[in-house]
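One structure is given below, encoded as structure tokens.
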Amino acid sequence: MEHDQFKFIFKMAAVQGGMVDAKDELDIKSEPPSDGFGNSNANDGRLLSSSPGAGTGGTATGNNKPAPGPPEEQQTLLAVLQFLKKSKLAESAEILRREAGLPEDALDPKGTDASGSGPGLAAGSGQVDGVDASSLLSRVTVSSSAAAQAPKKAGEDQPDVSVVLSAYSQQGDPSLYDAYYSGLKRFIESVLDCHRAELSQLFYPLFVHMYLELVYNNNESVAKAFFEKFSGDQECYYEQDLRILSSLTKKEHMKGNETLLDFRTSKFVLRISRDSYQLLKRHLQERQNNQIWNIIQEHLYIDIFDGMPRSKSQIDAMSGSLAGEARREANKAKVFYGLLKEPEIELPLDDEDEEAENEEGKPKKKKPKKDSMGSKSKKQDPNAPLQTRIPLPELKDSDKLDKIMYMKESTKRIRLGSDNLPSICFYTFLNAYQGLTAVDVTDDSSLIAGGFADSTVRVWSVTPKKLRKVKSAADLNLIDKESDDVLERIMDEKTASELKILYGHSGPVYGISFSPDRNYLLSSSEDGTIRLWSLQTFTCLVGYKGHNYPVWDTQFSPYGYYFVSGGHDRVARLWATDHYQPLRIFAGHLADITCTRFHPNSNYVATGSSDRTIRLWDVLNGNCVRIFTGHKGPIHALAFSPNGKFLASGATDGRVLLWDIGHGLMVGELKGHTDTIYSLRFSRDGEILASGSMDNTVRLWDAMKAFDDLETDDFTAATGHIHLQDNSQELLLGTYMTKSTPVLHLHFTRRNLLLAAGAYNP
């Protein structure tokens, strides 16, 4: 961790000194020879070091040992060494000294004085252009995805805006920005169609950074004219970002602006073929357009691939996120998406009540039988993680009984398909006055819970069995604890009711989740806390505090014990019910995390965000192993297929996108909804995908056909080419309208009946 910290401090000092170039960065990966513009001839373009708030958990990558470099770089290095030593980080200072190839006496305080400390960091002062370096250190510490401590308050965990903005120092004549941009635009519009689509990706990031540079250098009227002239040329899915950008008209407005920090601290990723890239490079060399080229070098990451250029439709399918597409390296890690082996549990052939009637037949009927679903997972899946890869809770006797009930229900499961659609039972919340914000249903479909804007959580029984509390301690002492029905005796009949209301939050409840064993309920709220409720006593057991802002979603692991939360502070946290601090902090999103979902094998967590990306995180080490881009609006729904191979996502753009987790590619697009998709759910056998939307409809899609039609051999992950079939109408099996009820939640019962829920909106 210390190793990463000093890399970050050096990087920030280099930014302040205007030295951020590929050859000056400490943590750059080794590359083939440069092409003279700072871009390598490797397939993957320039491999840049990760910056805070970007990449996988914000940690730096690469291990090259640079030479000491020019005098100003040496001065900066010496200044950083002095600061590390003063901060009692002697080990880090020694590692940095060795990596930089400096002599051993470089750590001697007499070696430099304040005047020779380099452009970015005053020696021994702990200040980077007025920024307290300890706050930068805290930023790195928090960004580490394996960190277990809660982050600092907002403001402390963001890089200071003066450091971030310093790269916008004036580099050219402001009156020529219009000409530069227009010239590039004319060039791109004149090239062959096959290259035009790829090079057109440059328009948006260049427009943003040129505008910000003009504003930062107090060229307000020029900036306004530039914005009015070219903002209309940008893609429609950047409309919201442009609206925020248009409000930044003065230098003072830029301080503390989150969108600005996003643009500045994360490089915009463009995926371009080598031929298109060479065309662009040649044009800028001929015109000697250093202004455009400097912005490309400084703020963009060009991911170069060999092969045919991508078409407009292929680029559009993958674009739309706040920071461009995902780099191809981000989706190359091995993902163990297979399911864990099911525990060996004997299943009686017949119902228990039949066995009780015929005592003589009991031995025969006790013959164990495996459910067909269970027998499939008897063999170890080659794509599955090791059973012991992450510690999972041991099965209690009650869990085993529940597994037996699940297997019995599975034998009566309806086999769904295009010719056999599920029945849908809709739960409508009346008189909620738009106050219903979250819904969840237990796995056995016996309980339903709602989170409300009035800070309450309400739990209903949807079976004849009423909700009861455990008796008081005095009454429990009177019970015979050896009796067979002790679990029944401990419940107080006087408290039986169909509804229980849970009070405790001090803000609207945005996320709720039942534990698999139905003993607990999680709720997350605007008040920044997650609460764990007992469904035996209907009281709050724990309040988990780690998020500083509203927590938009929370979800239990399929095996219980672990749960995940995500919120406005842009990080997701992994918790265990018996730890009051998070086990993992997943940092990397550039905007609010709006939805969270555990993989069926519990080894991975998917998060959807307002930055229009989906990330898949490894629970074991906290690494980001997948970044999916393609949605044109904030993501509000995620669902894994039962076999763990695929992920479905839904967003405010009304589209459902399908992803192959193993290959890290988009494999399908389902169009039909006209408003935000709030819930997605696969049927128990994975044959059907149900989607619920704010457009008051439930739609059923033929998931089996969508995935069976895939030819995985044709996946060309090397170039990122995807060929999406426009077959939404073929895959749409049915559309079911409600009268005036947005669909907030979907749930398939163990027998494949579809339950839907929402609040009537008069």
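One is the number of the first residue shown, and numbering goes on along the chain from there.
Note: Cβ is positioned from N, Cα and C throughout, glycine not excepted.
For 37-52, the entry in TrEMBL reads compositional bias 'Polar residues'.
Sequence annotations record features per position, and here TrEMBL assigns compositional bias 'Basic and acidic residues' to 100-111 (among others).
Among the features that TrEMBL reports, domain 'TFIID subunit TAF5 NTD2' is placed at 172-300.
Residues or ranges marked as compositional bias 'Acidic residues' by TrEMBL: 347-358.
Residues or ranges marked as compositional bias 'Basic and acidic residues' in TrEMBL: 370-381 (among others).
Residues belonging to the repeat 'WD' (429-470) score a mean pLDDT of 90 in the model. What TrEMBL lists as repeat 'WD' is 429-470 (among others).
Residues or ranges marked as repeat 'WD' by TrEMBL: 502-537 (among others). Long-range neighbours of the repeat 'WD' (502-537) within the same chain, counting only residues 6 or more positions beyond its ends whose Cβ lies under 8 Å from a Cβ of the stretch, are 396, 398-399, 402, 437-444, 446-447, 449-459, 467, 469-470, 543-545, 547-556, 558-560, 563, 565, 567, 575, 577, 596.
What TrEMBL records for 544-575 (among others) is repeat 'WD'. Beyond its flanks by at least six residues, the repeat 'WD' (544-575) meets 53, 142, 150-151, 153-154, 392-393, 507, 510-517, 520, 522-532, 581-587, 589-598, 600-602, 605, 607, 609, 617, 619, 622 of its own chain at Cβ-Cβ distances under 8 Å.
The repeat 'WD' annotation in TrEMBL covers 586-627 (among others).
Summarising the annotation, TrEMBL assigns repeat 'WD' to 628-661 (among others). Mapped onto DSSP classes, the repeat 'WD' (628-661) shows 0 helix, 20 strand, 14 coil.
Per TrEMBL, repeat 'WD' is recorded for 670-702 (among others). Within its own chain, the repeat 'WD' (670-702) is flanked in space by residues 410, 413, 415-418, 421-422, 424, 426, 633, 636-643, 648-652, 654-658, 728, 730-748, 750, 752, 754, 756, 758, which lie at least six positions past its ends and keep a Cβ under 8 Å from the stretch.
Counted with DSSP, the repeat 'WD' (586-627) comes out as 0 helix, 24 strand, 18 coil.
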